[in-house]
């Protein structure tokens, strides 16, 4: 049995008479602790923090003393990688600002993507472009969804947290999967182009299809692992942990993340391979197809490096970050990926500025560079 000391401070502004009597007892035994709190006061209007040796939690004081049901054990609060054991006050203003920025950017992406669809007609827009629109709309939904937990922490319930975590994970997972699915489709079409087909081989096609399987399956595995966690509402917001047999899944998460990172690197190699071979043979002829492939290479490099960079950032969680900070940061990663995906198209200006009209003979590379034997555009 170990004993912990806590402190409780009270400030009542300009009131001249205060009556405060606090009695704290902290007992930790088999991950269960009890708090006995007797307070006599007129009103408490500030949030105070009680520190434990292995972390801290935030008490939102009110005229009624908190109950043990409200204060879940610290072991529950400190089991997810998104929660660092520190009060959320330090990063909360930053989170709210980041969420507002996310909503504005994602709303603009969604509007311009939908305008592009209608401007060119549904029949003339390829389904890779529709996937780009879906990514933008999911990003907007995800950004608005953060408001439920981050900006309304003190009123969330266990049921709300379960819904919040589930929807957030689903949106994050499918957004990333669709981005890399579009990148895979576009690199695959390069090998179908007559000018680049000589760079292709059966081995490359096998590697390409294995990469596609990883892009589709690994995020779903990671999603199922995270959904197996149990979510709770606490004074610091929603937190999650593995319980029972699901604890074994904690070891599987790093494996799926590493495998997906490997798929990203392989995809980058598949994108770079045709353009490198083309440049070696033609000494940088500046052709239209070269412009398209170079754009896609730059986009893929940005997506892969930012995704891996954010994974490294996760391993170095700042002490002042709350349990809601990292999901918001991941959304900025999704913003970068979506923007890079738009830039990879040669008509990027038209995609970002709906009122812009590209000159018919403006010299920009034609996006429909890949055709099958019948002449029908396949990407």
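Including glycine, each Cβ sits where the backbone N, Cα and C put it.
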Given ranges 98-118, 350-370, the stretch to which TrEMBL attaches the annotation transmembrane segment: 98-118
Within-chain partners of the transmembrane segment (130-148) [C-beta distance under 8 Å, separation at least 6 from its ends]: 99, 102-103, 106-107, 109-110, 113-114, 116-117, 156, 160, 164, 167-168, 171-172, 174-175, 178-179, 181-182, 324, 327-328, 331, 334-335, 337-338, 341-342
